[in-house]
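> Below is one structure. I have some questions about it.
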Ligand SMILES: Nc1ncnc2c1ncn2[C@@H]1O[C@H](COP(=O)(O)OP(=O)(O)OP(=O)(O)O)[C@@H](O)[C@H]1O
């Protein structure tokens, strides 16, 4: 802001027409430079194509050496072509004009490395000459003589473009943001870092144009996808983006301070810094599929794709995809540390009930497509990621139990099981698992009968229980204890046979024992018994077993109260998974373990020997994107983990994410004031456990770039209730448009109408007329389905969202429906309301009902000063 004011002062003497002609001339100057850049890019594309063709010819020679050389060449050329062919909307976006530096050293990108000006750079009469001009863009381009035509935005030489301020300008005199589309320069906006200086470039005074690139960017209409902020990253954000990768980078900041934007730009920066190190992949964990869809275009726009996986917290387990929400009470039980204890008991307990009509001995692991609830499995999960936001936004529906699979599969939306009222009673009964996927074992496992030495040996239930308990003593994963259990069974049978005591010669006894074991182990009845009595358990089978209230009651005794047991069991009987179920599946996978299996031989792929493959051009049938997706799917551990909206993670989710970053460095961004989790202290403990003892580097972002001051002020009232004493970020701009208050009661409000549906629809339509971009209507979670119906026919620009779905998103305008309803939804309701109120970039309407207790102006009780 300061720079803007100073700049306007500097322009004070320029009349408008002169100003316009300076602008035109400066656009022309930048156009000339962009033309040069594109000519150079074309040369580079020809070079890369030549290399690709040459490499293909070498491949025809067919010797292993020639093939390896070809692959390396294809790889390098592919990287070039891929980058250069990209139609960047604004390939070139910045320029800095710099004073001479303290020393004359140049870096690898051809730019001088000095940060501070040389002593004589500013003359005593406050004049100076521009010694260096750098253009900043999405990738670096060197001219044929190795002089820098464009500096990559992540290079050290580009840092002053973001860091320099009038208070601490370094060498920068003028910073220019260039707006271009394809090959055409559309505009330039300048900030003066040293407004007191008369600086000369090639003998002419440095011209200054425009009034603030940041404000122009913030004022633009929003669409359903996020834009990168590469042209206008602010100094405090740049500190985070370029922070060294070591250990944990921990970032806090209020709504709209750019946490998500910074996290995404940081991923691109880290890859640029050390591509080899991050060949192990960067994982970005997002709270919802909506936020994934909203943000996933940013990295490609920065020229980065393959090595970064953006995944919703409910999609971290392959083959499982969360499609349902849990009620707050159920979420609270499933997400807390208490659930860990329950799962450990359930894993062992599921084995004990294996002989009853009960959990299945399913083959395969988490990703087993035949197991229950794999409704939105791999295929659909990846479709969801690739889909446009509008499709994902399909409204939820009521009546969750008993829905048809196909209907669910088509509608990739969250079900409407929020609130206990949403749960039906059908689908599970005593001892049953409510569906056909939980297969019963082949035979009863309550008695083992075999024949040895011509006599029948039998182990009864009591003895079998004893053997099982012995086998289960200790902490090893249940599935890995099967060989031990088998051995203990054979011991018990051997003992019963009495054969051991009949032979005093130890060698003979050992031989006899060995053939005894071999005979019994190969007996069909023994094998069938073992399969039924100690099946290989899958996480899904255990989860299915937990849907039985009686069993769950046993396993959760003194951990969950009876009400929680009932609700959790019911929720697990639904057809589908919630985000909390996914974390439970992942935990169960760790508790159960996966027995070693002979590895499937994978076709040798010479390209796997190279790193950074994801950037390759589609040189074979599998496209770059498909390959990247496949590699991401296969990956379970990452080199760097970025957690967005970290304040919402439950202890169980922290454990799940922690397992993916055991050896990683981390970036954690969040805002405690926006947490929808009811027990922040417990979550902090889990976070600390996941991050271990790694040292932390803390940053705070303080400026709200999203909300105008008028909206931010209103939201701050709720923040004061939700977290007394905390400070809101300061809004960077003001629009002069105050939030509007509308009531549906029939007495006092400023605007009085009947019927929530009609009011909300009218307000949404009104806002659609007033903004160019999107309108979000935020309602309590259990109103999502009806809210979608209220808005039917209003078009693509308007969306209905449940309060929890609004997380991280933004709209030109929002309608927040019944603050009291949102605040009363859960123990964290006030913080959720704070999130809802901070989604608009331009206009906000609050619709109140009687329960909101609006005053004469329609302002609901919760939002009054
Ligand atoms: N330096 C910047 N230049 C231009 N736009 C910016 C800048 N920083 C942030 N923004 C914009 O501000 C908005 C908010 O950013 P972002 O969503 O990253 O904030 P956030 O801190 O994650 O918010 P929340 O906590 O509410 O999810 C986005 O539209 C983003 O593009």
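Backbone N, Cα and C atoms are what each Cβ position is placed from, and that goes for glycine too.
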> Have a look at 248-300, 301-353, 354-406 and point to the one annotated region 'Disordered' in TrEMBL.
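The listed stretch tagged region 'Disordered' in TrEMBL is 354-406.
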> Applying the rule Cβ within 8 Å of the centroid of the Cβ atoms of 253, 254, 255, 256, 257, 258, 259, 260, what extra residues of the same chain belong around the ATP site?
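Going along the sequence, the neighbours come out as 671, 701, 704, 705, 706, 729.
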> Using CB under 6 Å from any atom of ligand 1, narrow the binding-site residues 254, 255, 256, 258 to the ones that qualify.
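Only 255, 256, 258 meet the Cβ criterion.
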> Among all protein chains shown, how many Cβ atoms are found within 10 Å of the Cβ of residue 260 (ATP binding site), not counting that one?
23
> Need one number: mean pLDDT over the domain 'UvrD-like helicase ATP-binding' (232-708).
76
> Which residues does residue 258 (ATP binding site) neighbour through Cβ under 8 Å, counting only same-chain ones at least six apart?
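In sequence order, the residues whose Cβ lies under 8 Å from that of residue 258 (ATP binding site) (at least 6 apart) are 229, 234, 237, 701, 705.
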> What is the Cβ neighbour count of residue 256 (ATP binding site) at a 10 Å cut-off, with all protein chains included?
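The answer is 28.
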> Just checking, which of 253, 254, 255 (binding-site residues) has the fewest C-beta atoms within 10 Å of its C-beta?
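253, out of the binding-site residues 253, 254, 255, has the fewest neighbouring Cβ atoms within 10 Å.
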